[in-house]
Amino acid sequence: MAYFQDRKTSSRSLPSYINHSTQNLVGPRKDETNLSEYMKLRLLQSPSQVIYNLENTVSLYRRCLNLRKRLMDISELAAFFDSIHREALNSSFKILEFKDIEFDDPVTEIWLFCRLGYPLCALFNCLPVKQKLEVNSSVSLENTNVCKASLYRFMLMCKNELGLTDAALFSISEIYKPSTAPLVRALQTIELLLKKYEVSNTTKSSSTPSPSTDDNVPTGTLNSLIASGRRVTAELYETELKYIQDLEYLSNYMVILQQKQILSQDTILSIFTNLNEILDFQRRFLVGLEMNLSLPVEEQRLGALFIALEEGFSVYQVFCTNFPNAQQLIIDNQNQLLKVANLLEPSYELPALLIKPIQRICKYPLLLNQLLKGTPSGYQYEEELKQGMACVVRVANQVNETRRIHENRNAIIELEQRVIDWKGYSLQYFGQLLVWDVVNVCKADIEREYHVYLFEKILLCCKEMSTLKRQARSISMNKKTKRLDSLQLKGRILTSNITTVVPNHHMGSYAIQIFWRGDPQHESFILKLRNEESHKLWMSVLNRLLWKNEHGSPKDIRSAASTPANPVYNRSSSQTSKGYNSSDYDLLRTHSLDENVNSPTSISSPSSKSSPFTKTTSKDTKSATTTDERPSDFIRLNSEESVGTSSLRTSQTTSTIVSNDSSSTASIPSQISRISQVNSLLNDYNYNRQSHITRVYSGTDDGSSVSIFEDTSSSTKQKIFDQPTTNDCDVMRPRQYSYSAGMKSDGSLLPSTKHTSLSSSSTSTSLSVRNTTNVKIRLRLHEVSLVLVVAHDITFDELLAKVEHKIKLCGILKQAVPFRVRLKYVDEDGDFITITSDEDVLMAFETCTFELMDPVHNKGMDTVSLHVVVYF
C-alpha cells in the first residue's frame, strides 16, 4: 500500500518565484501530543483509512450518490425523485454542464431536493414527531417563494421538535446561491435526519446498506483504478481528493481566525484572498472527474472536462498573484497565529498549505501529458484530450503571466524609489517592463552583479550601492522585512540598438550574449542567468523584441515613439553628476537617451518638440534643452538602413549628422568586441544575421550623434544657434539650433561642405560670413564631447598631437598611463572612416557643417565631428 502514502510534489511543477522551503509539510514529530490537528489528520491514520475517509467525506459526488440511494430506500420519498430527475434535466441549474454529454448527476438532484423544500418536509414527516408538515409536491423552482416557505417551516420544526441548532442547519437564502458551500452544510443536515430515521426504525436500520458495500454504489474508485493499471488517472483522482481536503481545512481555519478575531478582517482577506472560490471550483471539477470515472473507460472524456472548465480556472490568477504578499503577512503576524498553533503551525504548516493551489495548477499539465502518453491507440476522444491539454497549459501560462505583470508593476515602483540619480530620464518613457532579474553581467572579462531591467525601449543595468550581501530568503520567527538598498544607474542601451541575442554555452549553461551597435563597432555583453526557466524567458522576450523592432511598420513605430513634449521627471532627476571617478567604471557603456542615430529623411516632424530624454547637466554647465524635430528618440526609424548593406543605401540618402553634447557622466572606454569574434559565435549557433554585423554600423548609437529632420513642407531652414565656443575643458553645452545641409529637389539631404551656401527662403539667398581659416572640431570620446579649433590646413600629425593634448588637459582619463588615439569621421554613406593621413584630414573637413555662431552679424564657422578611440 505504499502507493497511498503522501508523495512529495516534484519541484519541476513549481514556478521559480516559489520559496522551495515551503513546498512540503515536515515529517511527524516524536511527541505526537504536539501535533497539530492537521498533522493528526494526515499522519495518525492508516493509508486505507485515509482513502476511505477521502472518498466518503471529501467527494461531493460520492456523498450525494450515497444519500440519494438511502433516501430512495424510504418509500415515502422514492416517488419524489422521478420529478426531481425531470427537473434536473429541464432546468438550467446544474452543478456542471457539458455540451452534448449526459452524465448521471446525483449532486444536482440532491441540491434540488433541498431547494424545492417539500422533499425535506416529507423527510421530516418520516421521523417520529408530533406535528407533521404540509407537503406540496406540485411546486417547482419557478415558485421560489413557495419553496422558501416550505424550507422555513422545515427549519422551524427541526429546531422545535428535534432540538437542532443553527450549526446543524443551513441558510435558506444561501442554498439558492451558486456556491457549493451551502450544499455541503445541507448534506450534513440530511445525513443527521437520516441517522435519526434509521435509529428510530430498527428494522430498516438493521438492513440499511453501508455506503462502502452497496452494490449500486461504486466502492473504492481509487482501488479500482489501480487494479486496472490506470495509475496516472489514479494519481489524478487521489491527489484531487487530498487537495480539496487541504482547501477545506484552510477554509475552516480562516473561519476560526475570524471568529476568534486573531487577525483583522482585512489581513485575513489579504492572506487567503479568494480561497473559497477556488474550493468551490475544485469541488465542481472533482464532480466532473468522478462523473467521467463512473463511465466505461472507452466512454470517459477527461479532455472535455478541462475544455468545459477552462474559463473557471481563472480563479487561480488572483490567488497566485497575491501569494508573495500572503507569505510576508504570515511572517509579520506569526505571534498572533501562534494562538491557534494547535490547528496549524504558522511557520511551516500554514505556508505549506497555502502554496497548494500554486502547486496544483502547475501539476495539471504534467498529469495530462502522462495521460496522453498512456492513451491507447484508437481512443476516439484522443484529439479532445489533446485540446484539454492545450487548455490547461494556457491556464498555467495565463496565471504565470498575470503574476508576472503584477510583479513587474511592483518592480517598477521599487525601481523608481531605489535609483538615487536618474540622470534626467523618466520611467514613463521606457515602455512596458518585460522582464527583470538580478544576474551576473560579463563584459571585457569583468563580471559583476547587476539588477537588469528590460523595458520595451531600453535595457537598464543598476548596481546596489550597499556593500551588504543579499541573504537567502527564509521563513522564520525572527525574519524582518528586507531593507531595500539604493541603486545606481550603471548602463543603459536602447533596445533598437540590439542586433543579436544568442546563447553562449562557453560562459555557462544559461548564459545569453547580447550584441548591440556601439561606437565604432558592434559590442556585446553576457547575462549569466540562474536556471533554465529564466534562460528560456529572457531568450523568448528578447527574440520577440528583436522581431518587433525589425518587422514593425513605420506607422506603428512612429505611433509607439510618440511621447509628451514636456516630460515629467523623476524626483531624483534634479540630482547632478559629480563627474568621473575610479568607482564609476561602468561595465556597460552608458547611453544617452536623448542622442539617437541617423534617421531617414522620409519621416519628418512638422513641428519642433522638446526631447523627453534631455538630461540635466552637471553643476559646472548650464542647463539647456535640446530642440529637434524627431518624433522620438527611443524608436529607431531606420532600423534596416542602420545596419544594411551599401545596396540598401543606394535608395536612401543619409541625413547630415550634428551632435548633441549633453552628457551627465563620462566613462572609460570598454574593450570592443571584434567583428570576427561575433561572426564566429553566430556561426556556432547557425544564426543567420551576418549581414547585420559584418559591416560596422553607419552611425553612432551610443549617444554621439543625432539626426536632423528637415521639414519637407517648407524650403525655409530653421535656424539653429549654438552656445559660444571656448577652448576650456568643460563638457560642451547642448546646442539649441544648427543649420543643416542643403536639400535636394526630392526632399533628401545634400552633404554639406565649407563651400555650401544656405538659403533663408525659397526666393532669396543670403550668404553668411564664415571663418575660412579655422575649423571647429567636436571630439566624441564616448559620452564626453570636447571642442577644438584648428587651422583648416592642419596636418595629420599635428591634429593627433592636439587631440592628445586636449584629452590630457581636460583630465578625462584618471589613469596616468601613456595612451594613443585614433580618429574617425562619418562619410556621406554613414560609414566610419579612419583618419591615417593628411589627405584623410582634408576628406574629413569636406564633411563640415556650417554653424551660425553670431546670429546678429550672421557669422559662423565650419564644424566637423570626429570620433576618438583611446588605446592604452
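Using the three backbone atoms N, Cα and C, a Cβ is placed for every residue, glycine included.
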Swiss-Prot annotation, phosphoserine - which of Ser59, Ser137, Ser347, Ser583: Ser583
Of 1-29, 30-58, 494-522, 668-696, the range Swiss-Prot labels region 'Disordered': 1-29
Stated Swiss-Prot location of region 'Disordered', expressed as one of 191-213, 743-765: 743-765
Counts by DSSP class (helix H/G/I, strand E/B, coil) across the domain 'PH' (426-547): 25 helix, 56 strand, 41 coil
Secondary structure content of the domain 'Calponin-homology (CH)' (82-198), with strand meaning DSSP E or B: 70 helix, 0 strand, 47 coil
